[in-house]
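Undergrad: If you scroll down you'll find the structure; I have some questions about it.
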Amino acid sequence: MGIIFLSFSIFLFFAFVSYIFSGKADQSLVASEIDQSLRTTATEARNWLGLFGAKLSDILIRRWFGLAAFFLPPYLFLLGFKLTFKKSLMSLSRFSSFALFFVFWLGLTIGYLVQLADGFTSFGYLSGGFGYELGLLAQEFLGWGSFILILGSLIIFLVFYFDISQLNWSFKSDSSSKPLAGETKEKMEDELDELEDEVPMLTEEEIEEDVSSWTLKSEEKETKKPISAPVFNIEGEDVLLDEEPVAPAKEEKKFSVVTNIDEEKTAEMVENLDPYDPTLDLPHYKYPTLDLLNEYDVQKVTVSRQELEDNKNKIVETLVNFKIGIQEIKATIGPTVTLYEIIPDPGVKISKIKNLEDDIALSLAALGIRIIAPMPGKGTIGIEVPNKNRELVPAKAVLGTDKFMKSDKDLPVALGKTISNEVFVIDLAKMPHLLMAGATGQGKSVGLNMILASLVYKKHPSQLKFVLVDPKKVELTLFNKIERHFLAKLPGTEEAIITDTKKVIYTLNSLCIEMDHRYDLLKDAGCRNLKEYNAKFVARKLNPEKGHKFMPYIVLVIDELADLMMTAGKEIEAPIARLAQLARAIGIHLVVATQRPSVNVITGIIKANFPARLSFRVTSKIDSRTILDAGGAEQLIGMGDMLLSQGSDVTRLQCAFLDTPEVDAVCDWIGEQKGYPDAYLLPEFEGEEGEGSLADIDLADRDPLFDEAARLIVLHQQGSTSLIQRKLKLGYNRAGRIVDQLEAAGIVGPFEGSKAREVLIQDEASLERLLNSL
């Protein structure tokens, strides 16, 4: 087939060249009917290849492609040469793109020039029928603008084809080292070409002999030298021996120069690279849209002026009955409550007004009021009175505001609205941990969903990961759909949402290992927090080969702390307290919720490290003091009414309402998109059983996969339980037992916390001897 292409390409070339000179003379022959042409003898045609050559050239040049048809013979020649000799004279695909462009460009150019000459001139046939039609279209639609199209397309093609922009950029970036590297490269290529011409091709046997000769002794090396003498036309062994110590020195100099050039070139390339973009891991990821959230038919609730006047009068009347004078009173209407601010007469004790809380509630016939005495920074006393008709705050109305969408906070969370109807957005990264409490049915789960939804609406999967702990097994299950995007889990576990108490312990300790590892990286990078570290990595100032990587924020969400404290106690308390104390700087933040904010659940060591606390309605003032260090949470009216304490400042909010179908829709939107191959894997934690006594392990009763696991560990030189899990597809418990057996057999070392176990056997031969002796 290759010979056919080669022959036909040569035939076409001579036919085309001949057509340029004899095409007009043969026009009457090729224009005649086929049967009539066949009866005409080939001697009548002027074309060098006869009537067939004239006919074929007329079709390809005059009727079709014009002068661009001359690209066809070299293309067929290159194709035939590659099929025949199994070598390429040049890149066939590169030549194809070049030829294809100029088929269009030459046709358009010549065809347009023909149109400017008002018809088919004596050389008009060089555009071909295809080019003539292109020129006609260009003249009709673009007119003189066709020159811009012709010149612009040619320039753009040449820039991309010959990479002119990259060439210019390289000259600008370094005018000294680049030419040197180019000259060195060209010189090395010329020398290689000369060596290929001088040195004959080696057979496989000769190559094997040359390779094996490197392992021979010095006597065998001396016997090999005369073999290369005929190749370089050098006579005499003495000459070779004299030059032998000189040759390596020259080679070392050459290689050292090239190495220096490569190091400089690498440094310059890194400087010229664009900043690292972690979102390119999932370049087609689309953030959730507001259309996924429901449009509730909610009209803004306005408290009537009559209601305001009645409440004002009742408050003033009650205070006057207890001989407390009022200088001024004003009202601020919120979605759930109305805040009445009063300025008492001079000499009135604040404590006297605070003690009248129940009396004022009685006079207003309100569900529960809260007195803030005094209002921070205002010099007034606040009385919060529930509205008769409360306003629903949809999640869409909060997440769609500019205050949230244009927020530059690291971890923005839109909780709801304040008393003054302003959207309330906080930064979880600055809190840095949040403790939540609330009785059953008061809006705690909705608040958790609102926190998670706020974060996924603002952050890319490469920037944020969740560790979800759900002992109740039903509250956070919807987020299973975003496992490959936003969730993190332990190696070898099937589900990312943790429901088993034992796995919760492992996960918390794994986060402590992750925290220590991140601190080591920050120490090496000379950074104080995760934001500075990631900024350095994005600027390509940290080397990934030294273990550095872009690290996402990790948010640990625990839905029910009370159940975990009842079943595990200190095993849960210790890692939570350690994370709360240390994890802020390296981007691990905790959101811990409970239904029962008692002192045996929210212990002092946990409470001390959670400066931000959020309380929905609780059942007693004791619980309110436990979570907020102040009363008031027992006076809330439920259904998302909450108090947020940040230090000494307590803010009353109405939590935004995010229904379960809305959460499901957001998770479906994310889950249907392409994600990572698996969830974000946390470091492996083996637990105390990994340090247990080896006396109870009977090596005579080994696991059936013991030998295979041992070979796997020695092959990879990594004593890791997760490695056995992945490669042998085992559960965590069985893989852990195999690791204990490997330790008892002396194949791996003891448990070392966050580090992988040391592999004591270095090669497979030693392992086989050990296995045979067991």
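Every residue gets a Cβ built from N, Cα and C, even glycine.
Got these off TrEMBL a minute ago, pasting:
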- 64-85: transmembrane segment (TRANSMEM)
- 97-117: transmembrane segment (TRANSMEM)
- 141-162: transmembrane segment (TRANSMEM)
- 178-205: coiled coil (COILED)
- 420-625: domain 'FtsK' (DOMAIN)
- G438, A439, T440, G441, Q442, G443, K444, S445: ATP binding site (BINDING)
Undergrad: Ranking the binding-site residues G438, G441 by other Cβ atoms within 10 Å, which is at the bottom?
TA: G441
Undergrad: Among all protein chains shown, how many Cβ atoms are found within 10 Å of the Cβ of T440 (ATP binding site), not counting that one?
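TA: By my count, 10.
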Undergrad: Whose Cβ lies within 8 Å of the mean position of the Cβ atoms of G438, A439, T440, G441, Q442, G443, K444, S445, the ATP site, other than those residues?
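TA: Nearby residues not in the site list: Q595, F616, R617, G638.
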Undergrad: If you skip the near sequence neighbours and keep only those at least six away, which residues in the chain come within under 8 angstroms of G443 (ATP binding site), Cβ to Cβ?
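TA: For G443 (ATP binding site), the qualifying residues are F616, G638, M639, G640, D641, M642, C655.
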Undergrad: Using DSSP and collapsing to three states, where does K444 (ATP binding site) fall: helix, strand or coil?
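TA: The three-state answer is helix.
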Undergrad: Averaged over the coiled coil (178-205), what pLDDT does the predicted model reach?
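TA: Averaging the confidence scores along the coiled coil (178-205) gives 44.
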Undergrad: Across all the protein chains here, work out how many other Cβ atoms are within 10 Å of the Cβ of K444 (ATP binding site).
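TA: A 10 Å sphere around the Cβ of K444 (ATP binding site) contains 26 other Cβ atoms.
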Undergrad: Here the binding-site residues are Q442, S445; which one has the lowest number of other Cβ atoms no more than 10 Å from its Cβ?
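TA: Least crowded of the binding-site residues Q442, S445, by Cβ count within 10 Å, is S445.
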Undergrad: Within 10 Å of the Cβ of A439 (ATP binding site), how many other Cβ atoms are there?
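TA: I get 21 for this one.
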